[in-house]
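A quick write-up on the structure given underneath.
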Amino acid sequence: MNKLHYPDLQVCVLAAGKGKRMHSNLPKVLHRVLGRAMIDYVLHSAEALCPKAIAVVTGHASEKVREHVGQPINLEWVIQDKQLGTGHAVSQCEEVIRDVRDVLIVCGDTPLLSWQTLANLVDEHRRLDADVTVLTAQPANPFGYGRIVRDADGRVRTIVEEKDASDDERAIGEVSSGIYCVRHAVLFDLLRSIGNSNAQGEYYLPDIVPLALAAGQRVDAVLMSDPDEMMGVNDRVNLAMVEDLMQRRIIRDWQLRGVTIEKPDTVRIEAGVSIGIDTVIQAGCYLIGRTHIGDECRVGPNSVLVDAWLDDRVNVFAFSHIHGASVGSDASIGPYARLRPEARLDEQVHIGNFVEVKKAVVGRGSKINHLSYIGDASVGVDCNIGAGTITCNYDGANKFKTEIGDRVFVGSDTQLIAPVRVADDATIGAGSTITRDVEPGGLTLSERTQQRYVANWKRPEKESR
Ligand code: UD1
Ligand code: MG
């Protein structure tokens, strides 16, 4: 863990914009990057600095943003009723910012921004004893960003937005990340002086730069080493690019922590996933939500795990789908298995191909190897559930439970009509329809139809024309 602590810093997160370019009903900062809302990443980086407080400016669909974030103890909500620009957004925070040396302003739409980069900006700002410090970058494509205009001596003079820039200014490769560290004592006076006579008719935060210079204050720029970090998401093309970069970061992180990932470009691993050492993730896997995978597991090609929990040494064969289910250690799943919510499999359980398990507990060492449906059920330890076994749990209106004891052997193609109980050590003959509780031990089977033999029967043949 980092030991950062900035008690005389307040962070201000700008998240009021609608995100027009997203064409969405969802506020922009709630759009997800690898399963986590953009604002969560930004807040996480801000919190890592242990600032005095964090103010979040919301406006468009603010209740949705608040509901999502909740109420962390050091977070204050600020409403910007009309989205009149980034400068106007910051000015709304005047009431909630007190007794700090500096204000760190970040945008809610830059999820790749790391806390190290933010800490570096604050440290540099203080080392230089600056009044305004802007974080800048030199991305491969500066389109859409505010350009940093410097004078002949290389000092920052102003920041010009894409829409207001001349051709010469557009040719500038250094851009503003939209992130600033500003001395609290000067910030709100500067904001009061900005106007809105520009291409968008907005109160631009970057305009504090020329205003500070005019007031004789010190303005500096800190160039970030990795320009990817400041990538802002304004439309869904940006969203996909940011997600791609985040994915590489997350995959690299797991690789460095001892996870083998085959064909990493084909794999999706969301931000909330955790994976143990010596686990192998094979091509085309999707690991989604709060999935946890233990040590020494293997997740076969094209498997999808959503909020799944695997203990250690679990083998998931290709094309399996595990959603909201947990699997004990040394178990084996698939290929082509489907574990649905509330399937709880104990250690050493075997689930084979075309088996679906839902809302069912399966005890240690039990095997359900082929073509079965086990739902609303409990299966004891060391059972063998034969091919094509179905728990008939639903009568079209209500669901009923099937309870199977320990060491039970269920013959192939058995239907268990719930509610029904099968006692320990029972054996059920193949092809049975079980409608009443089954006694312990012995053999239980339903009446079978007579088998006939027709000796002189001829197979049909194709008619010749
Ligand atoms: C902004 C900067 C630009 C910078 C870029 C970096 C301005 C005028 N431009 O441009 O210099 O290169 O970010 O990504 O600052 N917001 C509000 N209230 C508003 C307007 C915006 O809270 O009235 C919030 C948005 O929700 C967003 C952030 O401020 O999180 C930035 O706004 P956005 O519209 O994305 O600005 P850009 O065009 O990206
Ligand atoms: Mg933006």
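Note: Cβ is positioned from N, Cα and C throughout, glycine not excepted.
Whatever TrEMBL says is automated annotation, not expert-curated.
According to TrEMBL, the region 'Pyrophosphorylase' annotation covers 1-236.
The domain 'Nucleotidyl transferase' feature in TrEMBL is assigned to 13-225.
The UDP-N-acetyl-alpha-D-glucosamine binding site annotation in TrEMBL covers 14-17, K28, Q80, 85-86, G146, E161, N234, R340, K358, Y373, N384. Annotation note: N384 (UDP-N-acetyl-alpha-D-glucosamine binding site) sits in a strand segment as assigned by DSSP. All chains included, 17 other C-beta atoms sit within 10 angstroms of the C-beta of N384 (UDP-N-acetyl-alpha-D-glucosamine binding site).
In sequence order, G19, R21, M22, D109, G144 are the residues of the chain that are 6 or more apart from N234 (UDP-N-acetyl-alpha-D-glucosamine binding site) and have a CB within less than 8 Å of its CB. N234 (UDP-N-acetyl-alpha-D-glucosamine binding site) falls within neither a helix nor a strand when secondary structure is assigned with DSSP, and so counts as coil. The annotation Mg(2+) binding site is assigned in TrEMBL to D109, N234.
Confidence in the region 'Linker' (237-257), given as mean pLDDT, stands at 98. Under the heading region 'Linker', TrEMBL lists 237-257.
Residues or ranges marked as region 'N-acetyltransferase' in TrEMBL: 258-465.
A simple way to gauge crowding: the CB of H370 (active site, proton acceptor) has 16 other CB atoms within 10 angstroms, across all the protein chains here. According to TrEMBL, the feature active site, proton acceptor maps to H370.
Cβ neighbours within 10 Å of R448 (acetyl-CoA binding site), excluding its own Cβ and spanning all shown chains: 10. Taken from TrEMBL, the feature acetyl-CoA binding site covers A387, N393, Y394, S412, A430, R448.
Applying an 8 A CB threshold to same-chain residues 6+ apart, the list for G85 (UDP-N-acetyl-alpha-D-glucosamine binding site) reads N196, Q200, E202, Y203, Y204, L205. Those residues noted as binding acetyl-CoA (A387, N393, Y394, S412, A430, R448) have their most widely separated CA atoms at a distance of 24 Å. Between the candidate binding-site residues, K28, K358, the densest Cβ environment within 10 Å is the one around K28. When the neighbouring Cβ atoms lying within 10 Å are counted for each of the binding-site residues (A16, A430), the highest count belongs to A16. Taking CA atoms as the reference points, A387 (acetyl-CoA binding site) and K358 (UDP-N-acetyl-alpha-D-glucosamine binding site) are 17 Å apart. N384 (UDP-N-acetyl-alpha-D-glucosamine binding site) and A430 (acetyl-CoA binding site) are 12 Å apart (CA-CA, integer value). Panel annotation: around the region 'Linker' (237-257), residues 22, 31, 33-34, 111-112, 228, 231, 264, 267-271, 275, 277 of the same chain, lying at least six beyond its termini, place a Cβ under 8 Å from a Cβ of the stretch. Rounded to a whole number, the C-alpha distance linking G146 (UDP-N-acetyl-alpha-D-glucosamine binding site) with H370 (active site, proton acceptor) is 60 angstrom.
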